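To start, the structure under review is shown below, and the notes come after it.
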């Protein structure tokens, strides 16, 4: 039994499933639970302790959703913090939450909430793929993963290479006759066709390497032998065998309806070609008709069929062919082999795709009991609570990973939030049966959100009626019986009403196509055309009424002026590009502009992609007259027929065009494909010409989008022909690309939105039109050579060449998803929706069209029973029942009037004048930027050098920071005998320094403690890094040094510890900081540091200058020890040939010589500001440990190579004030 969720009392522990119907405040609920977790609220229903944002895992499925969740939660935390302080307003939830605490606790709770809000940039809110990648990197040892795997958006290049390899290995050794037979049976003649066939099951095939699949080439040999055996029997008795059948047909021994004379003659020709002339095997029907079984089935009543050994031979052949499905075997075998080859290539290239992220983490969690449990435990410790948003879109691999981590574990929480009624992403791998399994696993811990906040009362009532009506069907409204029930939701309601001519518009209007229309107009195309016209006409009417003065269509609230209806308030939801084109064309006839949004349509599937391919071919070979003329005739350049004809006749004009394309080729050579395309667009005035047409924005957007994608891809392709081949491949298989290939929005104007239903999920629109809601695509053998079906236990399997039973099962799953798609579509509307109803499909002998019941809306009408045309009005009346928010009306009469244009009488406001002063010297600087140009003083005077002139002299990454710091140094490699190799004789300079730095950064991310414990894996990693740099002879020396270094005790100010004492939770590598610098005088800064740190030692000075803007940097390591925080920096400086050169005096000299004194004071200042913001009762003396500098070549247990200092609080406060105000404290006050 499902329980209504109360965000105040929801138990924050255990595995729990939350069903959030459309519009019921799912994001609000997630934010509410997040607040409670941060506060540690709930007593017995709370979590064991308060959590921080990095400890609360929130997983969703798109980058946009992660950003929205992060900002919504941040905003909610800030709002709650203000309310706990008494400075803000709140809703009922925050009122009740605050009431659960004593007034004396409110300031502390406010501080905790504010700190969490500030921490949200480091919150664990990720897409599922980003989180898996993070886990594989952070826990590389436990997950048995490499540290630096490249993440590739798709595997197209590897798949094509693997398909070609398989083709060469499998097909080249075959005989010509075998290949001909294979082509006839499998309908595959190229590696590309093979890959297209196997692509859907490459990740679904059960066997790992193909060893368990049937060898298709063995089957092919057996098939050929069976065919030849049957042919030989027929060859010896062909005339006699054919004569008997012909005679039986003539004397009606055979049923003449099954053996018509004309058909029989054609069948005999096929047999003759096969038996006597080396032709192809006849069609299956012919083999059946001339077999003993076929002749027996086709005989007339009370007659005996003719008999002959040749007929018996075809019985044997038919049975052999049925048992030897070569195509199925080939598809499965090729899929397994291609997958194996791709996996090997990825391992070789240290590369993985998005799906690999999921499978590798899943495999790591399911590895040997100890390994998987250890990884699961580490992740649980890192994220005690996980909330999985959009859980209905999860697949079995994802759920098994979360279950392995959290299921049946104490002191953890796994909250799965989703709605099975909105599970519509099967094409992306989502599996509704995974949700049902999770529902079974969490029995007794189910919760629902029962109030809709999106739509009006009337809209909610209409949806409740439609799906509630279907609840009495045996299979329920969603074909899953009681596994996915429909529970009516209540409505919070909206204050505004949609009004047209002072009347409130019905929430749901069912347009009924006229019964009197000729049947041929109610086929799919006629239905789409008619409904597009009706929808466009109604949209035009509403927009026109909204633009009239006074306004006649808009949104009204009691006591307020009506808000006019705008085109952007209207969305037309469609299934695909064909439907989108129909409604956009109809809208254009009424003068209404629209934009199209889809999350499935690829830009490579557009006409512009093919046109651009022709243009690239011409630009790559500008002397080829045919290619150039083809390019000029494309829809992009689109020269008129007159111009093209003139070019055909005028040789000089034709030569001029060839010369122009040579210029384009030069641009391509020297600048790239994108500049070339832009130059071509300008040269032929393509932009202006396209935008003059009704679909110009869409077409121009596609061209520019394609050019950008090709430019990016060109970096990994070999020359012009490589680019052309790649583009041709993308056009051939447009569905394989990533999100970057999805059609872009062509305009941001306030226009009517034409949106695919899949794209609309999660969005809302005031008015929704569903003109083609009766359309469907039945699964048949003609359109589905491969289907995905589930057994009764929910296990999925792919079926190649499905039979009738499999096709029926697949079509039933299609219908179930269509019902969920319908639910998503109807619940997008806030105020009103219009549905186009018409009986479409095949025509019976009685003249009725009978396929509506196979659509989602048709099932809801009569539970899957056939609906004759004459019954449709009464069936719709039954659906409506006594619900007064649903109206069943005839389609409106067609008109061709244009919508009233928008009024242009807008008052142009005068521009404001800016009288402020913009500082010219604002920059983002860094320690390296401040240090640039520093020099040692000469004979009593300072050699002063200016800072960089760039507005940004700060590093963008830790690696860049390291390179800036070592700029000017040279790499120096020494010729060393093997016995003399040590860290002291290791190469010197920026490159070796970066190498040592990277090793320590890797150890920090992995956990110094784990690196020290797993010595074998650590040595392997060091060896791998050495080999990449060409230092493989140094691997043993560096491994020994590295392991010794991280286990060397570091003498801190009053205690000691080793890096190997630090786990990932106690340290943070490469912590970035950024703080304001207000007119900081570099001379004052230099004097302050020189007087306070190692005074009396001469050091380089900096020229008089100012830093105004921001100071940015990266701290090598921030760690916590004994409840104090330290900054640590690694230095690879060479101070001498042995450890004695790394004493305190030598290190002090190096510290000032390189101005590390300034560096660590800036790091301590950054730490000071961070802790002051994060710790409520922060105290510098208690909480800050100091700075540790490790001169890596000299570190030993005697303290050599280890420089430690803690600046006094007064110095840090003075430094803090200098950066805040630009002033130094003086004895007499501020300077």
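Cβ coordinates are placed from backbone N, Cα and C, and glycine is handled just like the others.
Feature annotations, courtesy of TrEMBL:
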- 20, 21, 22, 23, 24, 25, 26, 27: ATP binding site (BINDING)
- 1-456: domain 'UvrD-like helicase ATP-binding' (DOMAIN)
- 489-762: domain 'UvrD-like helicase C-terminal' (DOMAIN)
- 948-971: region 'Disordered' (REGION)
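DSSP assigns residue 22 (ATP binding site) to coil in the three-state reduction, placing it in neither a helix nor a strand. Those residues of the chain, other than 20, 21, 22, 23, 24, 25, 26, 27, with a C-beta within 8 angstroms of the mean position of the ATP site C-beta atoms are 29, 419, 449, 452, 453, 454.
Neighbour counts of Cβ atoms within 10 Å were compared for the binding-site residues 23, 25, and the top value is held by 23. Summary for the binding-site residues 24, 27: the Cβ-based neighbour count within 10 Å is maximal at 24. In the three-state DSSP scheme, residue 27 (ATP binding site) is classed as helix.
With respect to Cβ neighbours within 10 Å, the binding-site residues 20, 22 differ, and 22 shows the lowest count. Counting Cβ atoms from all protein chains shown, residue 21 (ATP binding site) has 23 others lying within 10 Å of its own Cβ.
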